[in-house]
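Following: one structure in structure tokens, then a few remarks.
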Ligand SMILES: C[S@@+](CC[C@H](N)C(=O)[O-])C[C@H]1O[C@@H](n2cnc3c(N)ncnc32)[C@H](O)[C@@H]1O
């Protein structure tokens with residue numbers, strides 16, 4: 001838990017007898033609720049973990065957002081509760097079906113069944129000059145995906161990136177993987193902060209960066 005300011009629309013509230021991160025919206029994954037507020041579980045969300053651990057994510061609320069690796073909408077549902085228009089890219093049809101249900105309750109969430117390695121296939125739909133790019137694809141080549149999608153961010157935009165070490169190389173030392181990712185990202189980004197996401201997620205690195 002930390003004193004970093006939270007984006008408008010994200011609060012620490014007592015739900016179910018303890019203080020938790022929360023956003024206002026329809027429940028998505030059986031999370032505890034209190035009135036309109038629903039708990040944001042950092043152990044099920046890399047972005048939730050980054051915020052809970054006090055990383056300076058630089059969000060204010062209302063950001064125009066591209067989210068890569070949306071899965072069934074656990075995290076992007078929270079993002080769409082506090083952000084502006086939120087484009088959610090996912091390439092697997094099965095989680096996409098659930099994501100469509102999450103979007104049905106959120107008029108700012110736009111699911112796209114697309115491959116994040118091929119941004120040219122959604123560049124005609126997604127706005128440019130975005131405020132925020134969130135990425136959690138957990139597949140090999142995570143840095144390359146972030147670099148390819150930098151084109152959507154405005155000069156002052158933010159990248160909030162989760163890197164899963166085992167997705168790059170199950171046998172490698174996670175610190176060696178993270179060091180390689182930092183170096184590859186430097187083609188397109190300046191890293192502002194990074195930290196490991198334990199105890200919420202083992203062998204993951206959270207990165208806050210801005211375009212070069
Ligand atoms: C760790 S899960 C994401 C969890 C999600 N971010 C959350 O917190 O709710 C990774 C997701 O990224 C998707 N994914 C992986 N590579 C992708 C790609 N190239 N394009 C689009 N989606 C991809 C996977 O299908 C999977 O659903």
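Using the three backbone atoms N, Cα and C, a Cβ is placed for every residue, glycine included.
Just so you know, TrEMBL annotations never went through curation; they're auto-generated.
TrEMBL lists region 'Disordered' for one of the ranges 1-33, 34-66, namely 1-33. Largest Cα-Cα distance over the residues recorded as binding S-adenosyl-L-methionine, namely 74, 75, 90, 91, 115, 116, 136, 137, 138, 139, equals 19 Å.
Taking DSSP states H, G and I as helix and E and B as strand, the region 'Disordered' (1-33) has 0 helix, 14 strand, 19 coil.
Packing around residue 136 (S-adenosyl-L-methionine binding site) is summarised by its Cβ count: 23 other Cβ atoms lie within 10 angstroms of its Cβ, all protein chains included.
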